[in-house]
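K.L.:
What follows is a structure written as C-alpha cells; I'll ask about it next.
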C-alpha cells in the first residue's frame, strides 16, 4: 500500500474515532442531564449501579478516553497508542455485551429489587419524623405528583396517612382528600423501561461504530508496522 493510501486510511480512522468521541461526549452530557433532572435515585438504592444516568456517564467517559487515544494514535502514527486503543476498545465492547446479557438474564430479578426498594422507601417515609429523611420524602412526593400515583401498589399502602402529594387537586383543600388510586410501581417501572430502551439503542449504535473503528484500525496498524511508520 503506498503512502497516499495510508494517509487516506489514517484520515478515515481518525474521522471515525472523532465521531465516536463526539458520541461519547454526548452520552456523558445526556447522562448528566438525566441525573440533574431525575429525583428517583434515593428511592432505588439496589438499582443504583445500573441506573440509566449512571450507566450513560460511566460508559460515555470511558468511550471518550478510549477514542481520544485512537485519534492521537492515528494522527501520530504511533503503534503503541494504536495497539493500546485496540485492546481497550475490545475490552469495552466485551463489557457492553456483558451488560446487555445481564439486563436480559436478570430482568425479572431487577423488577423485584425495584419493588422492594420502593416499599422500603415508603416505610421510611411513613416512620420518619417531620424533619427526618427529607430527601426520601421529597423524592417520593415528586414521584407521586409527576406520575399521578399514590404509594407503591396503591393508596392503601399509606394505611390512611396519605400525603398531600397523592391528592388529585392542586391546591388540595378538599376534605375528604381525593387521591390517585394507581400505585407508582408500575408507572416508575415503565419509565425505567423506556429509558433503558433508549439507552440500549444508543449503546448498540455505539457498539457498531466501535466495531467499525476496530476493523479499520487493524489494517492501518499492520501498515505502520510493515513500513516502519512512526514507531514512537
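Here the Cβ of each residue, glycine as well, is placed from N, Cα and C on the backbone.
Quick paste of what TrEMBL says about this protein:
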TRANSMEM  12-30  transmembrane segment
TRANSMEM  50-75  transmembrane segment
TRANSMEM  82-106  transmembrane segment
DISULFID  149-184  disulfide bond
DISULFID  150-167  disulfide bond
TRANSMEM  196-222  transmembrane segment
K.L.:
Can you check which residue among the disulfide-bonded residues 149, 167 has the largest number of Cβ atoms within 10 Å of its own?
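P.N.:
The residue with the most neighbouring Cβ atoms within 10 Å is 149.
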K.L.:
Do you know which of the disulfide-bonded residues 150, 184 has the most other C-beta atoms within 10 angstroms of its C-beta?
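P.N.:
Selected residue: 184.
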